[in-house]
Amino acid sequence: MHFHDCFVRGCDGSVLIAGSDTERSAGPNRNLRGYEVIDAAKAKLEAVCPGVVSCADILALAARDSVVLSGGLSWQVPTGRRDGRVSIGTEAFTLPGPNDTVAVQNKKFSDKGLNTQDLVILAGGHTIGTAACQSFSDRLYSPNGTDPSIDPSFVPFLRQICPQNQPTKRVALDTGSQFRFDTSYFANLKRRHGILRSDQVLWTDASTRPFVIKYLATGLFNQEFAKSMIKMGNIGVKTDADGEIRTKCSAVN
Ligand code: HEM
C-alpha cells in the first residue's frame with residue numbers, strides 16, 4: 001500500500017481516499033487489501049493525539065511494522081508527511097504492472113528517482129503476501145502454451161491452486177515462505193518459481209540478475225531493503241500548507 005501510495009502523487013495517503021474516480025477504485029489498486037488496518041490505527045491515534053499523525057505516515061510505519069512482524073529487521077521511519085487532498089483514478093496507471101518488462105519497470109522506478117538496485121530489492125517485498133490468480137494465470141493458460149520461463153515441475157502446483165476461471169483465489173508470492181521476511185523470494189526466482197512475470201524477469205534479465213545473486217550470496221537484504229524503503233518513502237512528500245492531517249484516512253477533511 002505504501003508503494004502504491006508513493007508512486008502516485010508522492011507518499012501523501014492519496015491511495016486511501018474512497019470514491020468512484022479515485023486511485024483506490026482504479027484497476028491497479030483494485031486488489032489492495034488492509035484499508036481497515038490503516039483506519040483502525042488512525043482511529044486510535046485520533047483518540048489520543050488528534051490532528052498529529054498523517055495517513056501517509058501511518059502507511060510508512062505500517063509497512064515497516066509488517067516487515068518486523070514477519071521477522072525482518074526494523075528501521076527508523078522518517079515522519080512528517082502531510083496528506084494530499086487530491087486522488088485521481090487514471091493516475092494509478094503509472095504504477096508498475098505484473099506483465100511489465102525489466103525495461104518498463106526500470107523506467108517507472110527511475111521516473112521516481114529509484115535505481116535498478118532499488119527495483120530489485122523493493123520487489124523483494126514479495127517475500128510476503130499473496131497474488132490473486134488473475135494477476136498471473138495467463139502464464140498458465142495462454143493459447144500459446146505455458147510460459148516457458150516457469151520451471152515445468154512447478155506448473156502443476158500452480159494449476160492446482162489456480163484452476164481456470166478462478167480469478168480471485170490467491171497464491172503466495174514466495175512459495176513456502178509467505179509469512180517470513182527473508183531471501184527465499186530470490187531463491188525462488190533462481191529456481192524459476194517466480195509467480196508474477198514481473199518477478200521472474202528480474203532473474204532472466206541480465207541487468208537485474210546480479211542484484212538477485214547479491215542478495216542470495218550476502219546478508220545485505222534486510223539493511224538495503226530498509227534504505228530503499230526510506231528512499232521510496234521520501235517520494236513527493238508534502239509539507240506545511242501543501243497538505244493536511246486527515247481526520248479519516250478515506251476522505252479529505
Ligand atoms: C516492481 C514492481 C511491482 C509490481 C509489478 C508488483 C505487482 C504486484 C502484484 C500484481 C501483486 C498481486 C496483487 C494481487 O493480485 O492481489 C503484488 C502483491 C504485493 N506486492 Fe507488489 N509489485 C511491485 C513492487 C512491490 C513493492 C515495491 C512492494 C513493497 C515494497 C510490493 C509489495 C507487495 C506485497 C506485500 C504484496 C502482497 C499483497 C497481499 O498479500 O495482498 N510490491 N504486487
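Backbone N, Cα and C atoms are what each Cβ position is placed from, and that goes for glycine too.
Note that the structure is predicted; figures quoted are calculated from it, not measured.
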Kindly point out which candidate in Thr116, Thr127, Thr130, Thr239 is recorded by TrEMBL as part of the Ca(2+) 2 site with Asp174, Asp182. Thr127
Cys11, Cys49, Cys55 - which one TrEMBL pairs with Cys249 by disulfide: Cys55
Under a threshold of 6 Å between Cβ and any atom of ligand 1, which of the recorded positions Val8, Glu23, Pro96, Cys133, Asp182 are retained? Pro96
Please report the three-state DSSP label of Gly10 (Ca(2+) 1 binding site). coil
For Cys249 (disulfide bond), which of the recorded positions Cys6, Cys162, Asp174 has the nearest Cα in space? Cys6
Other residues near the Ca(2+) 2 site, CB within 8 A of the CB centroid of Thr127, Asp174, Asp182? Gly124, His126, Ile128, Ser177, Gln178, Arg180, Phe181, Thr183, Ser184, Tyr185
Nearest to Thr127 (Ca(2+) 2 binding site) by Cα distance: which of the recorded positions Val8, Gly10, Asp12, Pro96, Cys162 is it? Pro96
